[in-house]
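Colleague: The structure that follows is given in the form of structure tokens.
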Amino acid sequence: IVEHPAAGYKKIFETVEELNEPIPATITGVIPSWLGGSLLRMGPGQFEVGGEPFNHLFDGQALIHKFDLKNGQVTYYRRFIRTDAYVRAMTENRVVITEFGTAAYPDPCKNIFSRFFTYFKGIEVTDNCLVNIYPIGEDFYAVTETNYITKVDPDSLETLKKVDLCKYLSVNGVTAHPHTEADGTVYNIGNCFGKNMSLAYNIVKIPPAQGDESEPLEKSKVVVQIPSSERLKPSYVHSFGMTDNYFVFVEQPVKINLLKFLSAWSIRGASYMDCFESNYSMGTWFHLATKDPAAYMSSHKFRASAFNLFHHINSYEDQGFIVVDLCTWKGHDFVYNYLYLANVKEEWEEVKKAATRAPQPEVRRYVLPLDIHREEQGKNLVSLSYTTATAVLHSDGTIWLEPEVLFSGPRQAFEFPQINYSQRRGKEYSFAYGLGLNHFIPDKIVKLNVQTKETWVWQEEDCYPSEPLFVPTPGATEEDDGVLLSIVVKPGAERPGFLLVLDAMKLTELSRAQVNTIIPVTLHGVYKP
């Protein structure tokens, strides 16, 4: 395990300026001639306003980054997204809209009566879209997990317009991890009010761009509703699984207390984080729905021990089973509790201490049998030869799942997973690529063979990479024939920020494009050919 006593990682959590124009990069090594396009990434770029710090990793103001690769040349550009949260914070020089872990207070200059009424005006939901960026039809949208998404120009990085998904769909918000089919159809999931004012989860479908001028969002619709196991406390949902014929939704024990949420804004100093709680007894539920025609499979009740889940790696069907590979964190204690900036910016020994209290990460494979015979109570229903995962039918009709562990190391997480998405999404696959988190600090890129459990690692002293995006070689037949793109920060270097290009097969460096600027932490992104 690599140590970080110099604590250079603190640099990726510091405010930066946006750029007036793209800056050229210095290239070492050789960038493949076929690689031409833009790597777009989202993350926080401003970590305080008016002397007031943002508290949580998911609070900083949204900054969009772009590395352009063209004819062997590379440039880097970044701009803040002109969200309402950003514009108003800059105008008033204070936090105006409550963020994930930072509460906004009413304007101190107003008199006491207008301040009092501000508390009861209702919830002002943030549009700070710092989590991901993805295409819908011909357009690109920067997103967080609320009902607001922001249309951006992927070339100029200009902010074009704020879009309220509630205008088109019955959802309170959707995840930042949609699934996209080859034709451009987008699927996503979000929670909503279902029948009798109880909570549910809606899977939504946004069609691809049509020949006419219409916006795909205008034709979006809810395709299937999955009930919540607790009426007024939906589970936190960050991603979901999709195979050729099924949707997979994992309902975790981290809950949003809706009553707290609705009253939070009338209580001084409450943020989104204050509305999360853990259900100690529910464990974790797996739900299935068919895709076409879409229907919830209420007869299939799968349950497992408690874990936190943020990222699905992949799901696929095989011989009457659905194989579901996940990046999990053991137990019901909410991992986001450990991602306050005060924690991750501590000295290295303190960071390590805090991480030992947090849930332990593990890559797990669960196998869900589609064919359930009631007489097979008490015995393992999984007959796939290549996995040790089990599924056992209990007398109450639930099926208890035990996973196969694909990757595990003390305080070492394989997270922000990526696959050869265009070729292997929803299909049997061999390789996953991820960001290695060492006590929550991103310090390596890992390739995992999910069949043999073999791993390859790219790591360099005092380097802090981001989620590696896989780009396939044109015309490739091998699953791992392509490159990985990651933005890396090396704080002490002359040019501290660089785009790293790795050979995805061997995980060896092909080239790096270095720029003379620090680049703060980025969360997710997309490669636009």
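Just so it is clear, glycine is given a Cβ too, placed from its N, Cα and C backbone atoms.
Okay, so TrEMBL annotates it like this:
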| type | residues | note |
| --- | --- | --- |
| BINDING | H177, H238, H311, H524 | Fe cation binding site |
Colleague: Starting from the Fe cation site formed by H177, H238, H311, H524, give every other residue of that chain whose CB sits within 8 Å of the mean position of their CB atoms, in sequence order.
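Modeller: Near the Fe cation site, beyond H177, H238, H311, H524, sit V131, N132, T175, A176, S239, F310, H312, F416.
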Colleague: Hey, what's the Cβ neighbour count for H177 (Fe cation binding site) at 10 Å?
Modeller: 20
Colleague: Sort out the sequence-distant neighbours of H238 (Fe cation binding site) for me: same chain, 6+ apart, CB within less than 8 Å of its CB, listed by position.
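Modeller: H238 (Fe cation binding site) has long-range Cβ partners E145, T175, A176, H177, L309, F310, H311.
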Colleague: Could you check the binding-site residues H311, H524 and say which one's CB has the most other CB atoms within 10 Å?
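Modeller: Sorting the candidates by Cβ neighbours within 10 Å, the top entry is H524.
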